[in-house]
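A.B. asks: Feature table excerpt (TrEMBL):
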type     : residues : note
TRANSMEM : 321-338  : transmembrane segment
DOMAIN   : 324-528  : domain 'TM7S3/TM198-like'
TRANSMEM : 345-365  : transmembrane segment
TRANSMEM : 371-392  : transmembrane segment
TRANSMEM : 399-419  : transmembrane segment
TRANSMEM : 431-451  : transmembrane segment
TRANSMEM : 463-488  : transmembrane segment
TRANSMEM : 508-529  : transmembrane segment
């Protein structure tokens, strides 16, 4: 079988020889020989194939993004030309929202010559005199793929990302590999090497350790948050284009940490399902003051293809019902909790017992989420009833207020560790973290022992307003939910201590902070003003009943003293309803 260029040349020669045989006369289509018509027909077919190949060829310019569509069973050639001689290596990166794309050095992908991913990239060292290079893009899953790509040039003084790769398939791998679950998102990458010129052998990676080797390199880990609640492809493409290279990532991204060449090339972050995040690694050469960028990678910590728990169905109906009821109860407690003390105790006991039970059942069982949430609600009701009954029976206000104060301490401690304080290296230790966290939780109710009423009202305002924020989060994403959610993740996952818990703060978050503060302050001020002339706490109903019974026994002048007991009254009433009435006899009055 002839190859297309050979067949094209053969048919061209045939047509040319036929033309020369017929001369330069104008020959009508009807007068053309059948052999010439056949040649022209084949010529058009081949030309159409050549035009199709030209159309499947995308020409890139350095640092300029190009949108590329790869159809099913199609190969697109990415070409860059006019490469300056000072460029030592170039990288091609290609990004899609959720569909895999294959980048390959060859037209037929092979192991070690290609990479298939949502965010993929290839690095190509150049040889002396080379001014043109090309790669190939394919759609591996049988569906068309649309994405954006860019080619970045680097000089011989820039570090080479992934040049000391010993873990992944590519020989030189500039990619960042990402894995996520509900708790954490992990990124890994291959070590880089120092730069080298065209035609020179790359420096050895691990033969020496010194300032003239790759061990002097530093790795800056960057994070960039996409707009909240925005899962559109256009938002991702715009964000990728704004942080694709070293300069733009430094301008728009946030540097989380810096790794040395002796550190493990792996970083863990807290997962935020539904929130788009772009991670990138910039390798620096502090001696030459140069830097290069790995291929940025993005995640939403959820799946676009899953029909259950996908990015479009994050808000479960059961979760929304649960937190909507909790938000309404929190709004009531915020403004009327101390006035209706039994209702407040029930809500606080519900939250306390529900949280502990959810942690316990999640760590010890593998039940479905809806079942766990239902059992959590049931145990929460039991906990609320137990707290109310303990106050009703024993009348110990301080013991109940301590439980309520622990709720406030938990919130305050969670707020403290949701700030950059939580990312301090010393708190990576579970022992140090939990000891510090527990001290804050216990210290808050101890502080309010001197002012129990004020402490109880403060808890009502702060916790009640936060319940409203959680109810809003069930419908509109807000980062404030991660104040307590990150603590819950640390309870449930032993390895979560390694994760960075940074979350985005955008317009909706500042609005919800304002709502939280306004509701909390308004509820506290209103309750303090309304309760200023009332007793600190309402008396226990059971103790009041005991006192009333004792008073009736000792005070003979009290009419209630001569009242029979409740069982006797009920028995007498039952006899009246079931007994047969006796005839009264003569009903007319006597005249005399």
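Yeah, the Cβs are placed from backbone N, Cα and C, and that goes for glycine too.
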A.B. asks: Among 321-338, 399-419, 431-451, 463-488, which stretch has the most Cβ pairs under 8 Å to the transmembrane segment (345-365)?
C.D. replies: 399-419
A.B. asks: Please give the sequence-distant neighbours of the transmembrane segment (508-529): residues at least 6 beyond its ends with Cβ less than 8 Å from one of its Cβ atoms.
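C.D. replies: Tertiary neighbours of the transmembrane segment (508-529) are 228-229, 331, 334-339, 454, 457-458, 460-462, 464-466, 468-469, 472, 476-480.
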A.B. asks: In the same chain, who gets a Cβ under 8 Å from the transmembrane segment (463-488) while lying at least 6 residues past its ends?
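C.D. replies: Same-chain contacts beyond the ends: 228-229, 270, 272, 274-275, 315, 319-320, 323-324, 326-335, 337, 348, 351, 355, 358-359, 407-408, 410-411, 414-415, 417-418, 422, 437, 496, 501, 503-506, 508-509, 512-513, 515-517, 519-520, 523.
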